[in-house]
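A.B. asks: Quick one: the structure is below, questions incoming.
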Amino acid sequence: MASSSTSTDAQSQSSEHGAALHPRADEKHGLERNSNSISRDPRDSNDVADPTTDTEKQIYVVQDADSNDDENLVWWDGDDDLQNPYNWPAWRKVLNSVLVSSLSFITPLASSMFAPGVPDLMVEFHTTSQELAAFCVSVYVLGFAAGPMLFAPLSELYGRQIVYNTTNVGFIVFVIACAKAPSMNALIVFRFFSGIFGSCPITNGGGTITDMISQEKRGAAMAGFAIGPLLGPVVGPVVGGFITTGLGWRWVFWIMAILAGTLAFLYAVLASETYASVLLDRKARRLRKETGNPLLRSNLDPGLSSAAYLKRGILRPFKLLVLSPISIICGIYVGVVYAYLYLLFTSLTPLFMEIYHFKTSFAGLTFLGIGIGSMIGVAFFSLTSDRTIKKKAAEEALAAEAEGRAPEGMKPEYRLSPLMVGALVLPMGFFIYGWTAEYQVHWIAPIIGTVVIGVGDLIVYMSLQMYLVDTFTIYAASALAANAVIRSIAGSVLPLAGLPMYNRLGMGWGNSILGFIGLALSPIAWLFVKHGETLRKRFDIKNL
């Protein structure tokens, strides 16, 4: 009886310290799928949401009145709990978003910044193999395929912050190793490992933004985040060309290490943990210590050992990659448009140096056409994505009211209207670029083509990334990791075929093939708009 009394007193204390009454989490973090996404608990049948609000935010602030109360489950202290990242002040969300977006710019920058130094590298290491030199550049992107499958699940087990800090250090160490590389083989190994560690911000950044930003505002935040992965490889050759000319190829890596070290320090000092599951675990540990109640646990605790949970987390991206048609199709499409960028990198410099007689440093500036197009694409996506999803959700709510049924909220498919635009703009850019270069029209014409490519590439990339984030919400990092595997393999392997293709077919038909591939993939946009919800319901992966 004494033991029972002690437990009761402890439970009473726990309630006073903010352990919320909430249903026990199931083995998927207590979050189950409905027709809209995997994030809404279907047991909340009496809790009809405002259809124009974020469904994920409700999983952090809404309690189920019909379920059995359990005072040992720790939850947020009401709708306005400032420990909940969704309720953070705007400046804190912006700070964390900017830090992660900056990291996601630096690591892709390293993928191509080294490219202008390859000729000097070949002379120093006494090699004439063009294939080996090209692989020295692309092996970094291959590392992007290896890292996500580990870092995404680790961030969903231990939190975003510790994984970022650890991988930032690893990235800096291997970039410095590249600067000191004694041979070509050593440089290839160091580049691969720097790519592995550098993949973390790109993979987990979308998850970090999902942790903080509500669905109706997330499009603009994700568009800002996407600038890094797409603009970094574009700016890299421009900056790298001037550094190589003035200081030598090794200084490309030294400067990269300095930039990465500065950002890593700022992140370690200024950033906050954003992952709800980890924050609630910390709260539960604190309350166990304060109340003496050992039974207190996070409502998002899956009830698994760390080893079992890590195993499930590591398998999660593979499950999505194999069992989810949405993940597979998005991966293939994003892989193609991502590889397009690196294919362009293989043709831009030879084109403008050999055909238009640009000097080395000025040839690097031609990459800015893609960058300008990407910025236009960011602006278009930011202005249309969030507005579209709110408008369509409001229209659906009016229809639901007229029909006397509950509104369905913000479906991920509501955000896909920009994708239909980007899917058509992208191939148009390749036709313009290819045939104006083939007939040696004034150099501004193919540059305009690359601007159009940049616009379409960014819109397609962002639309599909956001679709994955809105579909898999709390598992966004794993969904993006699965996507990153396909994308990175395509980005590292397909560009190796770029120069042989252009040499055989010419700029006109070589780029036309890329345009026709883009046109062949464009129906995916309409497929997801019309049948995306059916695919999500039919292929509902259990025990993620």
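Just so you know, glycine gets a Cβ as well, placed from its N, Cα and C.
Remember, predicted model here, so these are calculated numbers, not experimental data.
Found this in TrEMBL, in case it helps:
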- 1-15: compositional bias 'Low complexity' (COMPBIAS)
- 1-58: region 'Disordered' (REGION)
- 23-32: compositional bias 'Basic and acidic residues' (COMPBIAS)
- 94-112: transmembrane segment (TRANSMEM)
- 96-535: domain 'Major facilitator superfamily (MFS) profile' (DOMAIN)
- 132-151: transmembrane segment (TRANSMEM)
- 163-182: transmembrane segment (TRANSMEM)
- 188-207: transmembrane segment (TRANSMEM)
- 219-239: transmembrane segment (TRANSMEM)
- 251-280: transmembrane segment (TRANSMEM)
- 320-342: transmembrane segment (TRANSMEM)
- 362-383: transmembrane segment (TRANSMEM)
- 416-435: transmembrane segment (TRANSMEM)
- 441-460: transmembrane segment (TRANSMEM)
- 472-497: transmembrane segment (TRANSMEM)
- 509-529: transmembrane segment (TRANSMEM)
A.B. asks: Rank 132-151, 188-207, 219-239, 441-460 by Cβ pairs under 8 Å to the transmembrane segment (94-112) and hand me the top one.
C.D. replies: 219-239
A.B. asks: Out of 320-342, 416-435, 472-497, 509-529, what stretch is closest in contact terms to the transmembrane segment (441-460), meaning most Cβ pairs under 8 angstroms?
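C.D. replies: When the Cβ pairs under 8 Å are tallied, 416-435 comes out ahead.
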A.B. asks: Count, for each of 163-182, 188-207, 320-342, 362-383, the Cβ pairs lying under 8 Å from the transmembrane segment (472-497), and report the range with the highest count.
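C.D. replies: The stretch with the most contacts is 320-342.
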A.B. asks: Taking pairs 6 or more apart in sequence, does the count of Cβ pairs under 8 Å between the transmembrane segment (163-182) and the transmembrane segment (251-280) hit 3 or more?
C.D. replies: yes
